[in-house]
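These notes concern the structure reproduced below.
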Amino acid sequence: MPRFPRRWRTAVIGTAAVLALSLQYGVAQAAPQPGKIDSALSAALGQGPATFLVHLKGGADLSTAAKAATKDDKATQVFKAKTTHATRSQAGLRDLLRSTKATFTPFWIVNAVKVTGDAGLAASIAKLPEVERIEPDRVIPLWQPLKGRQQPKVAGVEWNLDRIGAPRVWSEYGTRGEGVVVANIDSGVEFDHPALAAQYRGRKTGGAVDHTYNWFDATAECAGGTPCDANGHGTHTMGTMVGASGADTVGVAPGAKWMAAKACGLRSCEMTALLAAGQWLIAPTDRDGLNPRPDLAPDIVNNSWSGPTGDPWYRSVVDAWVAAGIFPAFANGNSGPGCYSTGSPGHEAGAYSTGAFDLNNQIAGFSSRGPGADGQVKPDIAAPGVDVRSSTPGGGYGLMSGTSMASPHVAGTVALMWSASPGLKGDVGTTKGLLDRTAVDVGDTTCGGTATKNGVWGEGRLDAYAAVRGAPGGEVGGISGTITSGGAPLELVTVTFAGPLDRTVVTGKDGTYTLPRLLAGDYRVGVRRAGYSQATATVTVTAGRTSVHDVALTAQPVHTVSGVVATDMGPEAGVTVNVAGTTTSAVTDAAGRYSLSVEGGEHKLRVTPRVARCAASITVPISVPVTVNGEVSKDITVPRRTDSFGYGCAVGTDRSFPSGTNRLPVTVHGQPSAPFSLPFRFPFYDQAYSGGQIGFNGWMSFAGNGGWRDSALPSPGAPNAAIYPLWDEFQMDERSGVYTALQGSAPSRTFIVEWRDLYFHADPSKRVSFSALLGENGSIRFHYRGITTGVSTGITGTVGIENADGTGAFQFSHNQVALADGQTLTITPGRHGLLTGTVTDAGDGKPVAGATVKAGDAILTTGEDGTYLGYAPVGDQRVEISREHYGTTTQNATVSLGAWTRLDASLVTGSVSASVREIDLTPPTGTAASRTVTLTNVGTSAAAFTVTTAPARGWLTATPANGQVAPGASVDVTVGVSSAGVQPGTYRTGKVVVRSASGRAPQVEIPVTMAVPKWQTAVDAGGTREIADSYGDRWVADRAYSPGGYGYMGTRTKALTTTRTIRGTRDEALFKTAREAMTEYRFDNVPVGVYTVELGFAETRTAPPGRHVFDVLAEGRLAMPMLDIAQEAGADTATVRRYTVKVADGQLNLRFTARTGTPIVNTIRITERPDKTAP
């Protein structure tokens, strides 16, 4: 399978565009593997509920369909047999599913039921004897197609159509597929594409559309039941079957009608969606899935997708189609050039699969080879599949390569065959044999077979002309004639034939028409042109003869209908105004003017802008006087064509050309793109950007990614969040360059990007320059210079814009004539205005980053500076502004189209802080200890909080676990530790996590250390008895030092007591006693190790600051210099100082050296620290 180096990461479905589904199905499941439940499904169910497919034993008997005389009857018989069998055989399973209230969808096209449930339900289902196997609802990934290159037309038609002889069928047999309905199962179809709109079966006379029975969306991705295309693949394949717009014909059978079933999304297809689509096509239903109509089944279904080789999962669907008289066309896969690479279902005997060849009649390298199932030769045939031009979303055209592109040629050829030979319709077997016999043999036995039938080409190259010529058609004759008025030939007259065949022709400039081959018989002939009388007659076509039927029409009074076609942005040039149901039409000039000659009566004007357009198509009713011979003025306002976001465009002319001044370091091969920064935030779709990447080949992306070759928009492949003034394959030399510039001043600045003197890879003689102008107000404008003819007009490039994920875009043009010298293209959103403002914290007034601003369907986000900018829907909006951990505020704003609206906001929030930064507890083994942490809210809003510990269970606890703190209030949290089971000399670490509705610091982490000491002592200095503190810790009485013990030293020392209140402590009793004028505290028999020394002080002597100043030395090192308790803590206020020391000699010394007055100490605690190795 080739890897395509570009953006056709469009997930183009394709077997063909390489839908070679890389589904890991494994080997064919003709029989279930041991155990009914697929092993992968079992694993998935182990994680929770899943969606799966339950297959039941047995299948319907379709023999009655084989005896049916007509195709409609065949489809009806298949539908009856299938539904009856499914209802009967699935009854027990359905009862079980209803009883468990499970979500399920029964199928009848295959004997299976789609179920969503858990492992228990799957096990219950598996016990049913009628159940054969249970497998997951697999997702089939979509491969990307290879973008083709423009190839020259042959005699005015696409090379691929000419190669199979389709134009000869049109001209010699007068058939273009009339009376045949084709369908595809694909990514969807753009139903109003100019090349497809007229052929849609859902389009009624007068232009109205009815999607009922004509469109099915198994993916539920298209809004409102209106056909859409996820990635362009389905629109392209449908175009190859039936596409035509005026003289631009891309389809093999442009006279056929089409319907469609969408089973694939942007990047993948679900197996059950493909089953649902295949089922619906046999018996289309209404929008509610009711009232099935087998008589409205299509004649041909094209399938440009495939799964892994060898899997028969779709066999029942294909067999049912064939039994119903529906021709099953399949792409053979894009996994070549190796043998045994044919995809499923194309490998099945019932499927007619197609390989791909190129302009030079060479098999494509990617084209999958055979053999197929059971060793049969695959592909069945080969058709053009390289550089195929067809319709793409947005009204444009594109070139793609893949067997996805080849298969529709076969489907279109079958439409020609069945149109030319109605008796062949529904006879799939005979049709396959005729295709086989008339194919052009190509000998290549690389993958088996013979020179006339092999695993590379199948039966050979498709020959549509030979197939139609060989179709059994009965006796034929011809008819021709001349239409005149007043003796002069009359052109553009519509001549219709209704009889054994239905045909329509239009007279040429000489007034003549001809149908060289019509089945013999009687025809009702109608002749009509606006402004002339109508004529009808019955004409007999005789076998072997050409009948002549001339008609003279009488001119009727006509009136001039004229006016101007415009959008809200101004006149629209190049718009076709057609009188519905006639050939009368006019094209607006540069000023948007048109003029038509219309006979009296009630009419409808169909307004169709050019493909590269800014306007949308509409139908306008108009009444023209019957007897009054006067002019009718009818100005027509057409809506702007917009994308899903609302972006639209306006085309203008401006000979001045904005240029850049700062050259970017981009080259074709060395550095194909360069970063850029904007001096302002640029609103684009639902985001705002400040920079990105600029590519030499005509794109700029805010996502910073790029792509070499252009593609239709939108596409999920790179680039995205992008602007494309002209995305094409360019080359650069010394004359070429990419430049930027900045014009204007805030808030009206414009950023300019100029691509200067680039030349085209496809035609180096053509050079162009173009610019993209990004306005600070979100406007986008393109300028073009040097546009002449050929590739410079945009026929190989893409012009437009695209959103961030490639799901939405405004495509002005793709691979079509769209540009002129001096042209401008302005792109602006038509449903939005700009909303901007700054969000701040109501407490500190600082910016709030990451706030969400919701206005209608717009969701904007503030940056680091607290500002937001973006598009919001026009009108009065309730704007909601919020941020996690902040309050939500709602304000009113009126957003105007194309204008700035400013809305600032302040958000309230809590501001919860903790009274400690860390907790250090040293309980002896087998005890508990705790500390109180005070949470204080100094914010502008009440703050809910939670407190958790890590580890969550065990030695560390915190209570309460949650609560709320009012503004200005505090809450105490008790943090507790337990040393139960913890050996002395070891430690534990953890943390307390406080989470609160605090905008600035929503999470506070407090480290907790619990060290269980081997040695600890606590002395109540000046105390005379043992005392317990508020935490339960024991403090021993003070005493004088004696060798082998502990105590104070000094000749003039004394104990102090006070009855005054001591502030700053929960343990006043400890601080109401003190030791004064000591010179040292000495502790003997202290084990070698690291210790924490905690000294408590309180100035209880009513001395002013400076009266008592002293130093504290621990183990000979200065721990607390010039300590002035009155100065640092105040009178009668407790303070605790900690210091870590290392004891190496078995004795710990604390010395107190007076500088002024006498030293004092209230408490001494010494604790061994197993968690520390050094002070």
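Just so it is clear, glycine is given a Cβ too, placed from its N, Cα and C backbone atoms.
Please treat TrEMBL annotations as automatic predictions, because they have not gone through curation.
As the structure is a computational prediction, the values presented were derived from the model and not from experiment.
According to TrEMBL, the feature signal peptide maps to 1-30.
In the predicted model, the domain 'Peptidase S8/S53' (177-445) has a mean pLDDT of 92. Annotated domain 'Peptidase S8/S53' per TrEMBL: 177-445, in sequence order.
Look at Asp186 (active site, charge relay system): DSSP puts it in a strand. According to TrEMBL, the active site, charge relay system annotation covers Asp186 (among others).
Over all protein chains present, the Cβ of His233 (active site, charge relay system) has 37 other Cβ atoms lying within 10 Å. TrEMBL lists His233 (among others) with the feature active site, charge relay system.
Counting every protein chain shown, the Cβ of Ser404 (active site, charge relay system) has 37 other Cβ atoms within 10 Å. Taken from TrEMBL, the feature active site, charge relay system applies to Ser404 (among others).
Here TrEMBL flags 917-989 as domain 'BACON'.
Sequence annotations record features per position, and here TrEMBL assigns domain 'Malectin' to 1017-1168.
With a 10 A radius on its CB, Asp186 (active site, charge relay system) counts 35 other CB atoms from all the protein chains. Per DSSP, the domain 'BACON' (917-989) is made up of 0 helix, 42 strand, 31 coil.
The DSSP secondary structure for Ser404 (active site, charge relay system) is helix. The two recorded residues Ser404 (active site, charge relay system) and His233 (active site, charge relay system) have their Cα atoms spaced 8 Å from each other.
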